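Read the structure below first, then the notes.
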Amino acid sequence: MLKFTLHKKDGLARRGTLELNHGKIETPVFMPVGTYGSVKAMNPQNLHDIKAQIILGNTYHLWLRPGLEVIGQFGGLHGFIGWDKPILTDSGGFQVFSLSDMRKLTEEGCTFKSPINGDKLFLSPEISMKIQTVLNSDIAMQLDECTPGEATREQARKSLQMSLRWAERSKKAFEDLKNPNALFGIVQGAMYEDLREESLRGLEQFDFPGLAVGGLSVGEPKPEMYRMLRAVGPILPEHKPHYLMGVGTPEDLVYGVAHGIDMFDCVMPTRNARNGWLFTRFGDLKIKNAKHKLDKRPIDESCTCYACQNFSRAYLHHLHRTGEILGAQLNTIHNLHFYQVIMAEMREAVEQGKFADWQARFHENRARGTD
């Protein structure tokens, strides 16, 4: 089930509501990444506290460990991990295609060696849909070929055409399995504007309830990613949710919303938190730096997260330096809270028709830097 309601537009920025089997989501939305069924350093209560509306699970990793037999015993991923709100799962394709020296790609699918035990495995659109059906994610993704950013035009066209054939197979398998959830298609085309449009037009025939933009944030220069967003954002169908996969920095989220994107996911806030890199309204802060050793201030005095309301930079500096697990947890709570606040502020700005003003203030504040 998926129902998308577009409430308001301000330029290309959109304010909507997405209704799924496990709940309602206000968009634009950021989805914390729970690769193995957990958002690193966070438990479900932490996620509720920061007002996370939906999380992402990784089909490939969950298929390998703990496997479908285990997760199936719990009725799906929600029951297994103790999370009662919506979940989106990727198709597993990105991870498989990352194993370039361990896989063989054909029209049927991809054969690869398990990086865990060396077993020979095969992933096809049909198998990806079966896995995601067992996971019972609210939003599943079609299996696509993840086109590298540096692909030639001919390589990119050949790749997107196979992804379109896989989109058709994914949709048929999804329907044959009587999956009650939603399946998104994925727009590919590398760094070629006309190929992106060709991919989008090809997907129209399958009438997916939502569309994702894939193949960005895969190593291409930032201006190239933004160029593709400027090209693709305005031509995505207005009545469907738009998902930008694997992006990104706070600035990327704002740029994406400004160009019509509704949904984002990225490991950046959690990964950076574990490395002591914290996001704030006034730029980024490296908590491991010696200047924070005696600093009694919170990470961000304007922040209402648990870490900022209760602990000093000095304590967080100490936790990071000593490798304490609590440090990673508090840093992650802060970074994910910051991302959720950005999204909430953008939703409000679009509602009020003041997105451009909010965007200008956001960039001005971020450029100011922390002290």
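Glycine residues also receive a Cβ, built from the backbone N, Cα and C atoms like all the rest.
Since we're looking at a predicted model, the values are computed, not measured.
Features reported for this protein in Swiss-Prot:
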type     : residues                                                  : note
BINDING  : Asp90, Ser91, Gly92, Gly93, Phe94, Asp144, Gln188, Gly215 : substrate binding site
ACT_SITE : Asp90                                                     : active site, proton acceptor
REGION   : 246-252                                                   : region 'RNA binding'
ACT_SITE : Asp265                                                    : active site, nucleophile
REGION   : 270-274                                                   : region 'RNA binding'
BINDING  : Cys303, Cys305, Cys308, His334                            : Zn(2+) binding site
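Cα separation, Gln188 (substrate binding site) to the residue listed as 'active site, nucleophile', rounded: 17 Å. Note: the CA-CA distance between Ser91 (substrate binding site) and the residue listed as 'active site, nucleophile' rounds to 14 Å.
Note: the region 'RNA binding' (246-252) comprises 3 helix, 1 strand, 3 coil (DSSP; helix = H, G, I, strand = E, B). Geometry remark: Gly93 (substrate binding site) versus Asp265 (active site, nucleophile), CA distance 16 Å.
Each residue of the region 'RNA binding' (270-274) gets a DSSP state, and the totals for helix, strand and coil are 5 helix, 0 strand, 0 coil. The average per-residue pLDDT of the prediction over the region 'RNA binding' (270-274) is 99, rounded to a whole number. Asp144 (substrate binding site) counts 29 other C-beta atoms within 10 Å of its own C-beta, drawing on all protein chains shown.
Listed in sequence order, Pro298, Ile299, Asp300, Glu301, His334 are the same-chain residues six or more apart from Cys308 (Zn(2+) binding site) with CB atoms under 8 A from its CB. Across the fold, the C-alpha of Gly215 (substrate binding site) and the C-alpha of Asp265 (active site, nucleophile) stand 13 Å from each other.
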